[in-house]
Amino acid sequence: MIQVLLVIICLAVFPYQGSCIILESGNVNDYEIVYPKKLIVLPTGAMNSPHPCCDPVTCKPKKGEHCISGPCCRNCKFMNSGTICKRARGDDMNDYCTGITPDCPRNPYKD
């Protein structure tokens, strides 16, 4: 729902330009939240996006790319499964990328 509202707001503010809203998700107290990370505004049909992964017309990853941003996204591709995306602190355990999403899932074995 938040994503749709952001796109509507963006289109209302920039009705004659294509834009790319990069959303980053996080987890706060077991509730999934989505918040804007960066707004890229380009003329409609622009061939070059300032973000190498973002298609400015569709606001999605460019053809052949997996992701735009996130702790498990590097150079427009998902990081390998098992890559540490969040280091352990205190009694906490490391969190690892899955290789199929740009998000860093919480370790299910945490207390």
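Yeah, the Cβs are placed from backbone N, Cα and C, and that goes for glycine too.
It should be emphasised that the depicted structure is a prediction, and the values quoted were computed from it without experimental measurement.
Lifted from Swiss-Prot, the feature list:
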type: SIGNAL; residues: 1-20; note: signal peptide
type: DOMAIN; residues: 47-111; note: domain 'Disintegrin'
type: DISULFID; residues: Cys53-Cys76; note: disulfide bond
type: DISULFID; residues: Cys67-Cys73; note: disulfide bond
type: DISULFID; residues: Cys72-Cys97; note: disulfide bond
type: DISULFID; residues: Cys85-Cys104; note: disulfide bond
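Applying an 8 A CB threshold to same-chain residues 6+ apart, the list for Cys97 (disulfide bond) reads Pro71, Cys72, Phe78, Met79, Asn80, Ser81, Gly82, Thr83, Ile84, Cys85, Cys104.
When the neighbouring Cβ atoms lying within 10 Å are counted for each of the disulfide-bonded residues (Cys67, Cys72, Cys76, Cys104), the highest count belongs to Cys72. Around Cys73 (disulfide bond), the C-beta neighbours below 8 angstroms that are at least 6 residues distant in the chain are Cys53, His66, Cys67, Met79, Pro102. Around Cys53 (disulfide bond), taking its Cβ as the centre, 20 other Cβ atoms fall within 10 Å, counting all chains. For Cys85 (disulfide bond), other Cβ atoms within 10 Å of its Cβ number 18.
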